[in-house]
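Take a look at the structure below.
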Amino acid sequence: MTGILVVAEHFDGLLRDVTLEMIGAAASIKDGLGGPLTVVVIGHDAEALANAANREGVDEIVTVASPDSHFDPALYEEAVCTVAEARQARLVLIGHTAAGMAFGPAVAARLGSGFASDVFGLSLEGAEPIASRGGYGGKVAMDLAFPDKPVIVLTLRGATFKAPEEAGNASIVPFAVELDAVPGTGRHIDYLPAPPADVDIGKAEFILSVGRAVQEDKNLPQFAALAERLGATLGCSRPVADSGWLPKAHQVGQSGTIASNCSLYLALGISGAVQHLAGMKHVDTIIAVNTDPEAPIFNVADHGACVDIFELAEALEREFN
């Protein structure tokens, strides 16, 4: 088996950024692995999305028409397995997203493949793919090999790999997969959009993020005012959002938003759970403030201080005054 199959992810008629990032990751190892780089686009109007996936390094774009315009993991599982087997793919790349994790493990199980999730590094050892991901709660980085596995399925972390900027000249080929009778499919009833947000964490260049050390919601205005004075966007960890102290749009992390455009991240009272690190550990400069010197956040921070976040906020306020 040779070649790479990238499964395109899209929403509301637009290709998601993680698709182009996966193409970039695949293109970086394509020559060493051997074989073509194929992108499969599955959807009700797949051909309309194919051109957006036609980037440098892509050899072929396969379009699979689905009977419904809404995402269905069972349909994706069937389509990806069929295309992967037909193209004899050595490596299948899927986004490490809510959608990707809904069908990626099932694809790996059906293909009898090696599997790794939340991969943030992709390389070759000889002609064998090596996947890098976190382990032990994000405290170490592990390189995983897949000996004796003819197929490997990986879910790749977003905002990690560089997307190719140049357009490609891939051929676009329709591929027929019988999806009407796929068992176990769901029925889409309605789509409820997220409430309007006053922030866009994904586009923010400077984020001041607070964690459970903020203690209660009545303390948040102090840090919101500090973020405004510093010219930062106010973010938070999952416990703060789950408590309803800040809207979900402010949450940074695997189940929140990836800080994909951030260059400076100030983490106040955040322990650094692996789910939160997934949303910000790639940032160029990370400053962590936590009273616990053993907090995992310090493992990824460029600068850190073991001080109380309220004392720090008050000191900064005095400095401004």
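Note: Cβ is positioned from N, Cα and C throughout, glycine not excepted.
In TrEMBL, annotation is done automatically, which means it is predicted and not curated.
Since this is a predicted model, take the numbers as computed values, not measurements.
Per TrEMBL, domain 'Electron transfer flavoprotein alpha/beta-subunit N-terminal' is recorded for 4-183.
According to TrEMBL, the FAD binding site annotation covers Arg212, 237-238, 251-255, 269-276, Asn290, 308-309.
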When the number of other CB atoms within 10 A of each residue's CB is tallied over all shown chains, which of the binding-site residues Ala273, Ile309 has the maximum?
Ile309
List the residues of the same chain that sit at least 6 positions away from His276 (FAD binding site) in sequence and have their Cβ under 8 Å from its Cβ, in sequence order, or write 'none'.
Gly211, Ser237, Arg238, Val252, Gly253, Gln254, Ile270
